[in-house]
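The annotation topological domain 'Cytoplasmic' is assigned in Swiss-Prot to 1-5 on the grounds of sequence analysis. The annotation transmembrane segment is assigned in Swiss-Prot to 6-26. Here Swiss-Prot flags 27-395 as topological domain 'Lumenal'. According to Swiss-Prot, the feature 3'-phosphoadenylyl sulfate binding site maps to 49-55, 202-210, an assignment based on similarity to another entry. Marked as N-linked glycosylation site by Swiss-Prot: ASN116, ASN229, ASN305, ASN328.
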Amino acid sequence: MWLPRVSSTAVTALLLAQTFLLLFLVSRPGPSSPAGGEARVHVLVLSSWRSGSSFVGQLFNQHPDVFYLMEPAWHVWTTLSQGSAATLHMAVRDLVRSVFLCDMDVFDAYLPWRRNLSDLFQWAVSRALCSPPACSAFPRGAISSEAVCKPLCARQSFTLAREACRSYSHVVLKEVRFFNLQVLYPLLSDPALNLRIVHLVRDPRAVLRSREQTAKALARDNGIVLGTNGTWVEADPGLRVVREVCRSHVRIAEAATLKPPPFLRGRYRLVRFEDLAREPLAEIRALYAFTGLSLTPQLEAWIHNITHGSGPGARREAFKTSSRNALNVSQAWRHALPFAKIRRVQELCAGALQLLGYRPVYSEDEQRNLALDLVLPRGLNGFTWASSTASHPRN
């Protein structure tokens, strides 16, 4: 068999090229660390629409150590709106990974015209984008206000988002566009990330009541959830979207608690909105401890203010975090929904109610009786609420 002859000079050149390539790859800087040299912590607030996720996002956002973005994957879904939630999972995951690493070039595919911070979805709710080095509307450690930030920072360069992101010890993203946990496994096992998942759930009956108040705003997302190939869905009399949301919460919680992979240990925590509403400071301290943050006196005062307002909040504030009575918000559905609709939600979401610890009601009298507690104690049926304390449910 004839073999081509290769000169020793060519072999030497090839070996040198490989050596230089290896040295280049090894010497490339990895993801930047915040000041102090400690590894950056990445937190994903994983939830669904109308579940209190904007509120929980703000609990992280207002912390002085946090760079926060609200639903960056909104750009994926609005650009690729003819896709389905399942087909867009990988694009959403890849964008989330890039943002966690402060690589804002990932938005090129969705914002080719990007010039200013205001090109980002809900940019002004991010305290980090309203304070140095991104903007000077607020001192870095101050509680920010969207209304004040918008006119002052809208024309700031988009490139400042990366600079700001790299200056914080924690990057927190709130997302409502993941419908199973498995799609996140590559992020959880990625050595470049130090990921924690906060899985926020809410009583499906309360979710339905809130969704009905914001039906128009959710129409495009509903179509993607239902896989309608780009058709918006405002009216959903069959409650198909609510059913899919319930199923997704069950899939995620079961994947995290029944037989979780080793890389998930200590990285997942399930939180019920109702528990936050009842004991906000205790729950928030636990959340902060889980993610390596501490509660400051300034934050404690702010949290007390936004959870002890009057009433459930106006409809125009549906997508905003304002001062409200958190307990009233969590119970409002019991007065607002007809019993027939509640019974239907309970049928469609029976598995979620049982797994997540919500008691069904069997009559209108039970529905209206606020003395009847419908939020069951945590740990019912051996449910593991944080995989940092246990990796398997008890039998």
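Think of each number as a place in line: the chain as shown, counted from 1.
Heads up, the Cβ atoms here are built off N, Cα and C, so glycines get one too.
Annotated features taken from Swiss-Prot, shown on the structure.
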| residue | record | DSSP class |
| --- | --- | --- |
| TRP49 | 3'-phosphoadenylyl sulfate binding site | coil |
| PHE55 | 3'-phosphoadenylyl sulfate binding site | helix |
| ASN116 | N-linked glycosylation site | strand |
| ASP203 | 3'-phosphoadenylyl sulfate binding site | coil |
| ASN229 | N-linked glycosylation site | coil |
| ASN305 | N-linked glycosylation site | helix |
| ASN328 | N-linked glycosylation site | helix |
C-alpha spacing of TRP49 (3'-phosphoadenylyl sulfate binding site) relative to ASN229 (N-linked glycosylation site), in angstrom: 20
Fewest other C-beta atoms within 10 angstroms, as judged across ARG205, ARG209, which are the binding-site residues: ARG209
By Cα-Cα distance, the member of glycosylation sites ASN116, ASN305, ASN328 nearest SER51 (3'-phosphoadenylyl sulfate binding site): ASN328
Residue from TRP49, ASN116, ARG209 whose C-alpha is spatially nearest that of ASN328 (N-linked glycosylation site), among the recorded positions: ARG209
Sparsest-packed of the listed recorded positions (SER51, ASN229, ASN328) - C-beta count within 10 angstroms: ASN229
Least Cβ-crowded entry, counting other Cβ within 10 Å, from the recorded positions listed as SER53, ASN116, ASN305: ASN305
DSSP-derived class (H/G/I helix, E/B strand, else coil) of ARG209 (3'-phosphoadenylyl sulfate binding site): helix
Other C-beta atoms that fall within 10 angstroms of the C-beta of PHE55 (3'-phosphoadenylyl sulfate binding site): 22
Other CB atoms within 10 A, centred on ASP203 (3'-phosphoadenylyl sulfate binding site): 26
